[in-house]
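Down below is the structure, laid out as structure tokens.
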């Protein structure tokens, strides 16, 4: 075969392959059109099929694109029933770890929000960690000066419990430098306080939509719980403070249904001080253990009935649970009056167990370090000093901070009582450490039928970060 014949032969074969390839593409297009046409989708290539199962578990969302199926499982609650929450609190012999977010450790290299005041609240299908961001990330220049409590950049956001407060999974809830949140069985309600100190406003969101507001009535830093509010049979309750942090202030209980205020009452508490209440449902009422920033090292106790009548006093136990505080041996306790003459304080909690009380406190008497929870026999009703159990959660070599309460609803736990749970904030950075920022992580514990060994589930981040060395 001479050279010209070789060229002609190669050219013919190449042309044949090109024609064959074109025919294959034409056939592929025809088959695709015919197949999609028979599907009855009027020529639309993309469609989303949502199948709702009556299991109140999830929605199965199937996105179909040509011959590719993507299945995404979306948490779902039928939204048709309010949680009861009138059950009694379960009796707890100890507290087991529920979650730990390790946010600051991860934040040395991850995209983690600078936060304070984390807290946990639960719906019938999940628990979420809420937190107040500073509108900045760890190890970033905007984290400078975040020791400040109130700024226009602070927002309430949330993640599923156990997740770090990261930018990829966090959900926006409200603009806020003080907040509370709870679920009534149908939707989440959040209360976010923001604005200037003298004219702050609390915006109530229900199902993610603003539904009502509370304006500052005393003109002195309107603020709320920094922990879960409480919903009973569809109505949700929370406590607000307006006035000085170190002398007599004004206190109110609010009641809302579907995010709209349906009742409020002023709390008469002359000589006493209430703020940052940690509340939970118990036997059809709301029980709160609060912070006295004025004089008491014992904690105020507030019990709220559905008709907004209330009883207010102090935790009777003859052992103090606020910080700073004096020696246990020098404290006598009182059910009605502040004791100890130590101001400032820190947010804390307690759980009634019949006439006993579980109460959390820092291990240090003078600083926010270490954390333990004590069960005091008859401590809810008497000035008893009898400790019948003690459990260490953070050792005294490590920083702690705020702490607060919440419960697992029976829909979530499967029990016939409300499981008592608490969280402990572990503050890092300023003012105790040489950084430009202040942030925190948290450990969450829930009540169990067994005693649990002491251990230290501390924050564990190695400081300073790179940004602190610049």
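Numbers here mean position along the shown chain, with the first residue as 1.
Every residue, even glycine, has its Cβ placed from backbone N, Cα and C.
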Which single residue out of 242, 322, 328 does Swiss-Prot record at the Ca(2+) site shared with 292, 296?
-> 322
When Swiss-Prot is consulted, the range among 15-35, 36-56 described as transmembrane segment turns out to be 15-35
Take the Cβ of residue 291 (substrate binding site) and count every other Cβ within 10 Å, whichever protein chain it belongs to.
-> 26
Within 10 angstroms of residue 402 (active site, nucleophile), Cα basis - recorded positions out of 116, 144, 292, 296, 368 | 116, 368
Cβ-based isolation winner (fewest other Cβ atoms within 10 Å) among the recorded positions 149, 292, 322 = 149
In sequence order, which residues at least six apart in the same chain have a CB under 8 Å from the CB of residue 276 (substrate binding site)?
-> 223, 225, 226, 227, 241, 290, 291, 347, 402
In Å, rounded, how far does the Cα of residue 116 (substrate binding site) sit from the Cα of residue 149 (active site, proton donor/acceptor)?
-> 9
From 150, 275, 292, 368 (binding-site residues), the ones whose CA sits within 10 A of residue 398 (N-linked glycosylation site) are 368
